[in-house]
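Undergrad: Quick one: the structure is below, questions incoming.
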Amino acid sequence: MSPASGTLVHSLGHNTLGKADIAVQTIFMNVCLIAVALRLWSRRLQWLSLQVNDCLILGATFLMIGRYVVEIILVVLCGMGLRPTEIVHIGGNEVVVKFLAVTYAGDLLWIVVVCLTQLSILDYYVRNFGQRTINILSYVVAGLCLALSIAGFFATVFTCDPPKKIWHENVEGHCGDREMLHTGIHATEIILNFFILALAVPFTWNIPLSTPRKFGLVGTQALGLVVIIILAVRTKLEFKSESANSTHFAVSKSTLTCIVPILGIITACLPIISPAIQTVSGRPSLTPSTQTFSPDPGSRHWDSRALTGMRLEEPEMPLVTVHPHVMAKAGYLAPGHIRITSDWEIHSSRGSTRPDRSSVRRF
């Protein structure tokens, strides 16, 4: 075991890659927290209680904060971004053991965060698109996401038997190929994310939406495409890794790995934050009404009034010419009463709970 000559905290000053990794993830994490806050504020502006998809996003965000803390520990205490020889020289072999153990925990958190985010988006589809086809497809994809995430989670847990051998090489046991496991998990996520993205495409372009909602869904698809591209690049980097302990090379992989779930959370929030955005920009926010994409059960046409989330407008009434003899008839109403004249003459009294049948007659 190599003797330690100092602490890795003091090496942070010249750990350029490590500092860049923390800076990038801090920026994305703050944007993620802002998006979640706007999501919750939008629910409040609409007078809506939290839905299942909101709770899933809150859980994913909480765990993502934990994954962000893991990243800071890897850089500050484990020297990620430095050369392995420098890490061993400064902190000893114990730091390498700590690095592998913390990375193991980060991999498990990543799988759970991605799964919760995917389930949140699919639950949003079911609650808002409201068509039988999209509901069935969403449930099928949600089942695949849950099943494959559980499989990936336990495959990661038991990559080595016993699991402790992952960070203690001297422990008796055997290990599988971790690089191939990561490649398989990421390739699976690419396929699932593509299916989730494709589900919303027909509804984004074929249904009438208000401009903020249209931009929200288009932004969701754009960010979803970015997530797929990043996952593809991350998967390609897996084959270029020098070794499992190469912390210098691990920075680029770790940065891309952490950006994926953060962008996923932001993607899930985009279609919902329009009320808060409109309030911040000084434009009229949505009234407390149902903001859904539910179609009319009796037809295949979408109700554009429900899609906009705005208050339903009263139907237009044709103008009626009021003749002098009609105005004269209104004279017998006592002050404080209401008289409405159209094709029919209707009398009503303030505080009355039922119309007077004798007061309704045809001109």
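Just so it is clear, glycine is given a Cβ too, placed from its N, Cα and C backbone atoms.
According to TrEMBL, the feature transmembrane segment maps to 22-42, 54-82, 102-124, 136-158, 190-208, 215-234, 254-273. According to TrEMBL, the feature domain 'Rhodopsin' maps to 38-278.
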Undergrad: Excluding the flanking five residues on each side, which residues at least 6 beyond the ends of the transmembrane segment (215-234) place their CB within less than 8 Å of a CB in that stretch?
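TA: Counting only partners 6 or more residues beyond its ends, the transmembrane segment (215-234) has Cβ contacts under 8 Å with 186, 189-190, 193-194, 196-197, 200-201, 203-204, 209, 253, 256-257, 259-260, 263-264, 266-268, 270-274.
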Undergrad: Between 0 and 100, where does the mean pLDDT of the domain 'Rhodopsin' (38-278) sit?
TA: 86
Undergrad: Other than its close neighbours in sequence, what residues sit by the transmembrane segment (54-82), given a CB gap under 8 Å and a spacing of at least six beyond its ends?
TA: 8-9, 11-12, 15-19, 21-22, 25-26, 29, 32-33, 36, 39-40, 43, 90-91, 95, 98-99, 102-103, 105-106, 109-110, 112-113, 116-117, 119-120, 123, 247-248, 250-251, 254, 258, 261-262, 264-265, 268-269
